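Annotated in TrEMBL:
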| type | residues | note |
| --- | --- | --- |
| DNA_BIND | 95-138 | DNA-binding region |
| COMPBIAS | 367-381 | compositional bias 'Polar residues' |
| DOMAIN | 93-137 | domain 'Homeobox' |
| DOMAIN | 140-341 | domain 'TLC' |
| REGION | 347-394 | region 'Disordered' |
| TRANSMEM | 47-65 | transmembrane segment |
| TRANSMEM | 149-169 | transmembrane segment |
| TRANSMEM | 189-208 | transmembrane segment |
| TRANSMEM | 273-292 | transmembrane segment |
| TRANSMEM | 312-333 | transmembrane segment |
Amino acid sequence: MAAAAAAALWAWFWNERFWLPHNVTWADLAGEPGPPGSGLQYPRAGHVLSAFPLALGIFAVRLLFERFIAKPCAINLGIQDSGPHRAQPNAILEKVFTSITKSPDGKRLEGLSKQLDWDVRKIQRWFRHRRNQDKPTTLTKFCESMWRFTFYLSIFFYGIRFLWTAPWFWDTRQCWYNYPFQPLTSRLYYYYILELAFYWSLMFSQFTDIKRKDFLIMFVHHLATIGLITFSFMNNMVRVGTLVLCLHDASDFLLEAAKLANYAKYQRLCDAFFMLFGVVFIVTRLGIYPFWILNTTLFESWELIGPYPSWWLFNGLLVTLQILHIIWSYLIIRTAYKALVRGKVSKDDRSDVESSSEEEDVTSNSTKGVFSTSSNGSNRINGHVASGQWTEEE
């Protein structure tokens, strides 16, 4: 009974009428597209399994990179491995912090004030320092950003080099000619699987990386990205998929560069990278993406292959992504506008480290520039600025 149910579920999931255009079956894609012995083949579900060991390999390379390359670079730039101010040892407050609450309300603060004969503001400051005590150091965050910068930059230029000789880069209609009977070349396979493995590595490392308030949002984002890459690979939409991947990689390394400059306290360089990131992000996401990517997936593909169930789902996801692009672009523009008009930025709602007092908030918020030295380099969703607010709270 269980085996029959599993077989029925398997058959339902791989229904050809959902995944493939009319009159195309999985059997049609099982053979070799080229002459015998050519080594060419069509994308297959089993190919995506190779992303898992590769993701573990990427994670291992990252650990070595951060220790032997990023950390020495940070130290040479004067970034010290020192964390926030540590809270004064106090057994009573420590017990409240670990057993009851990390953010006591007014009533509890008054009770502690009477018990310890401390001013309420002093107790508030203690809890701020105690919460900050376990936060990562600037050195840790620099190493994380340097790894991401290195990967994003490398994969972007690899993608550009690969696509420069690809016919669909210059004529997007080539994405749909003879679809889905388009062979999977080795370079295309490595590019796609490497991107998929990287996002799987982010899924693994998110549980050991710097913990931020948008942990759940980023987890869902990584999951959705993995789903999109895997989905497009399954139904052989890899040609247009490479265009989407490369387009999104174009701005990511600029944001990480801004964060690196921010941690190293090169304020002008940081501001310049952020402004460049904003320009590239808006041009690629609000200009090139809808008029190049969506134009070919919605209109050219409709004309050449016609719609079918997975076509609707794929385009629905891409249109949803465009809506997110609009939201993120608005937030980036708001960040730049506030910085230019007010000459400062307000507190980061998602900051990893809190100010120890209201006076410290005032001091930090008076910092000029697009960025201040922030706890996480940016308030990010999908790796980008979410609220556009940077602070000097670390």
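Cβ from N, Cα, C; glycine included.
Small disclaimer: the values here were computed from a predicted structure and weren't measured.
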- Query: What is the pLDDT of the domain 'Homeobox' (93-137) when averaged and given as a whole number?
  - Reply: 86
- Item | Residue distribution over DSSP helix, strand and coil in the domain 'Homeobox' (93-137) | 32 helix, 0 strand, 13 coil
